[in-house]
Amino acid sequence: MSCEIKPKTFDAKYINIADVDSPKEEGDRDINDGDINGCVTPLTDHASQIDEIKGVDDQVSKASSEKKVFRYKLMKTILLIVTYIVNGLVLTIKYPTFPDLCERTGSSVEELTRATAVRNIGYIIGCLVGGILFDRFRKFWDLQLSSGFLLLAVSVAFKPWCRGIVSLAFLYWLEGLSHGLFAIAGNGMMIAIWGGNTPAPLQAMHFGCRIGSLLAPALAYPFLSATRGEALYANATVPNNIETELTSTSNIEVPYVIMGGLGALASFGYLVVYLAPRPRGLVFTNVPKGRNLKELLHPGSFTNGNTRYGVILMTCMFLYFSINGACGSHFLLLQASIATETLNATKQEASLMQFAARGSAILGNFIVIPVSKFVPMPFIVFVICHAIAIVNFIAVALALKSRMNFAILGGVFDFFFASIWASGMGWPERYMEVTGSVIMIFNIGSGVGCSIMEWGSGYILQYHGAQSVMWLCSAFATALCLLTNVTQCVMSYHGPKKRQLVPIDID
């Protein structure tokens, strides 16, 4: 290969490539020995080569940064799934232990449902506080989760030692407060980091909750008392405004303390993540447009400035989360009570019914995770809501005819109901900004609906029987079907949102 040696008098300046690393004498630069290193190369060409090298380095650095961000998101998703197993344990341990809690506090079913309804008041307060904190202080999301799980651990561990309805109600209120704090942060963080790919990870997180709900009755089973439902009616005449000293053959302190310890471990895990270094280059979606309270809660801030659309859509979603919790008290909160009182099952038999139903819920949730990756979320929500309505009407006709019918229909109900919450979160994300304040409003709707339904259904069961509860749940399921159709029509009319990625300095 030959190179033409340019005279030094040429307008452009030249350097020898070999001289970049090893400068030589000025007179030696004109020597050309036929080797490529002896070629005289224009300075402009050398600059372009440097730019190419820098470009390659930038691409390598960007690829490395993307890998670190993805590992961080994957680690955070796994942590959320694992800790939501603890959430599922705590949320559902009250179902199999409900009759024993009635005995320990000397309360009737209707009276104890008042205490669980107080939990929803705490939940609403926790959502109000958690939603504002989530949107205003993005650097402290993990600390918010840590605080919520720590309060949860305290609230659940001491419940079995309550001998009065007032002290038990306070602990339920504290449990609801803690749940409101970490539920906002958990759901909001999952939506913020995954954006348009939210449905599958969000379903996986709530799948963790279903695993916990399966383990709860299995964990409680060995420690339940062997009495049947008659004891609950006897307790209806015991005054509950004073601390009672009723004897109980159950040892439910054991599962409650175990869950308190797991809650403390979850809190510690989020504290470690909060203190650990975080990767740069992380971007979030569904970030609020402002920071003050008025901007965070303004309906137009969720729907690209369209206030009227924001009000209508938020009203529909508030009602959606209010009603969906009211469709299943017969197979959730009151399942053990109906089984023991109406169908004369033992508490262990009722716990086994719940275990089977929660297993069905895990299967249903597991199936929806891959399905949500390929099937539009509006269709999934449509199928779930209408299937729940059909199961509820079948339950009116057949559920109370035998324990087997009640157990089977409870399992079918849980199969579809398992994904209703996560699907409801992922459903509007395509059409609006699902910020912490939006999730706060969703969760407040759930708290209001569950509070009214738990109190009301306990009263109806106590004084009007289980069949009336079946009819009530069916009515709410029908309303939910109508609401989902109306809401989807509103969303489709306005169309999908314009998605934005916002880089966040999280250090």
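Note that Cβ sites are derived from N, Cα and C of the backbone, with glycine treated the same way.
Automatic, uncurated: that is what TrEMBL annotation is.
Listed in TrEMBL for this protein:
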- 77-97: transmembrane segment (TRANSMEM)
- 177-195: transmembrane segment (TRANSMEM)
- 207-224: transmembrane segment (TRANSMEM)
- 256-276: transmembrane segment (TRANSMEM)
- 311-332: transmembrane segment (TRANSMEM)
- 352-372: transmembrane segment (TRANSMEM)
- 379-400: transmembrane segment (TRANSMEM)
- 406-427: transmembrane segment (TRANSMEM)
- 434-456: transmembrane segment (TRANSMEM)
- 468-491: transmembrane segment (TRANSMEM)
Determine which residues of the chain contact the transmembrane segment (256-276) at the Cβ level, with the cut-off under 8 Å and only residues 6 or more beyond its ends counted.
76, 79, 82-83, 86, 89-90, 93, 97, 140, 142-143, 145-150, 152-154, 156-160, 219
With pairs fewer than 6 apart in sequence excluded, do the transmembrane segment (207-224) and the transmembrane segment (468-491) have three or more C-beta pairs that lie under 8 Å?
no
Hey, does the transmembrane segment (406-427) touch the transmembrane segment (352-372), meaning at least 3 C-beta pairs closer than 8 angstroms, sequence gap 6 or more?
yes
Residue list, the transmembrane segment (311-332) vs rest of chain: Cβ under 8 Å, 6 or more residues beyond ends.
95, 299, 302-303, 338, 357, 385, 388-389, 392, 395, 399, 409-410, 413-414, 417, 420-421, 424, 428, 431-432, 438, 441-446, 448-450, 452-454, 457, 466, 469-470, 472-473, 476-477, 479-480, 483-484, 486-487, 490-491
Top stretch among 77-97, 177-195, 207-224, 406-427, 434-456 for CB pairs under 8 A with the transmembrane segment (379-400)?
406-427
Are there three or more C-beta pairs under 8 angstroms joining the transmembrane segment (207-224) and the transmembrane segment (77-97), sequence spacing 6 or more?
yes
May I ask for the residues of the chain that lie six or more residues beyond the transmembrane segment (177-195) and have a Cβ under 8 Å from a Cβ within it?
73, 76-77, 80, 83-84, 87, 91, 122-131, 133-134, 141, 144-145, 147-152, 155, 201-202, 205, 282, 284-287, 425-426, 429, 434-436, 439-440, 443, 447, 499, 501
Within-chain partners of the transmembrane segment (434-456) [C-beta distance under 8 Å, separation at least 6 from its ends]:
113-114, 116-117, 120-121, 123-124, 127-128, 130-135, 176, 180, 183-185, 187-188, 191, 286-288, 296-297, 301-302, 314, 317-326, 329, 333, 421, 424-425, 428, 472, 476
